[in-house]
Amino acid sequence: MSEILFFSPQPLFSHMMNKNSRLHTHSNIKNTFFSEIGIGISGNSFLLLFHILKFIRGHRPRLTDLPIGLLSLIHLLMLLLMAFIATDIFISRRGWDGIICKFLVYLYGVLRGLSLCTTSMLSVLQAIILSPRSSCLAKLKHKSPHHISCAIIFLSVLYMLISSHILLSITATPNLTMNDFLYVSQSCSLLPLSYLVQSMYSTLLALREVFLISLMVLSTLYMVVLLCRHRKQAQHLQGTSLSPKASAEQRATQTILMLMTFFVLMSIFDSIVSCSRTMFLDDPTSYSIHIFVMHIYATVSPFVFMSTEKHIVNILRG
């Protein structure tokens, strides 16, 4: 399954390892990982609470508020689920049956896919918001709010279908050590797949990632061009200050650009770590580092959003 890990930010923690290998002996890695999960859960909980309070208090929502709130919810659920699974990876075997294993790994796979898709959608929305009135994208500004909810529902169903193969391939870890099993955790394992099925699934994941990341890159480049053009125009208007609306849009765009850049860098880093794992298949340390790297984006992203939200303290104070 190393090909799937290489092509997808939605790995199944598959790792060909001996049952005698105990990841909990690496206490430093374990403590670092659970610290990362704790920080990420706190940050995403705070960001989600902020958007809920913002909605309850009747503040005028922005186009990006729903995707940002959804992204924080996805990351919160994903990190909570990972914390639960990690106890079976790093600490002790929980003795889960096949149904629990299928449910946990399937739900995690869906959440990983939705994280990628929501991030891409957020980048495209910000490009639409920043586009000038003469642009063809400007016509989508008024249509976007009505289609966001439909897009979220459609993508949720789509990723549930894409990840449905997990329900067939995940099973409870057998009592006897079997070399052809891929161990997801101490209680859950991945059944060996045929070369054809593995190749088809890897290709689908690769196409999905190429498409979504290409959308991110194109929308990011488009926003960079617009920001540079806006800055040149501002330099020619001596003595004229930017309006608060333009300033707010510019800050939001810079936040999205920062987040997109960070996401792409983390995807590249994740691919590098995933490739290195193929060279050290029985190394628990490499496996643990990969798990840590996979959740850096979910941990850091809420703090990137909050760093530019000036209304957080005001809303919480009431």
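Just so you know, glycine gets a Cβ as well, placed from its N, Cα and C.
Listed in Swiss-Prot:
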type	residues	note
DISULFID	Cys101-Cys188	disulfide bond
CARBOHYD	Asn175	N-linked glycosylation site
TOPO_DOM	1-32	topological domain 'Extracellular'
TOPO_DOM	54-65	topological domain 'Cytoplasmic'
TOPO_DOM	87-101	topological domain 'Extracellular'
TOPO_DOM	119-147	topological domain 'Cytoplasmic'
TOPO_DOM	169-206	topological domain 'Extracellular'
TOPO_DOM	228-254	topological domain 'Cytoplasmic'
TOPO_DOM	276-285	topological domain 'Extracellular'
TOPO_DOM	307-318	topological domain 'Cytoplasmic'
TRANSMEM	33-53	transmembrane segment
TRANSMEM	66-86	transmembrane segment
TRANSMEM	102-118	transmembrane segment
TRANSMEM	148-168	transmembrane segment
TRANSMEM	207-227	transmembrane segment
TRANSMEM	255-275	transmembrane segment
TRANSMEM	286-306	transmembrane segment
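Per-residue pLDDT, averaged across the topological domain 'Extracellular' (87-101), gives 80. For the disulfide-bonded residues Cys101, Cys188, the largest tally of other C-beta atoms within 10 A is found at Cys188. When each of 66-86, 207-227, 255-275 is checked for Cβ pairs under 8 Å to the transmembrane segment (286-306), 255-275 comes out on top.
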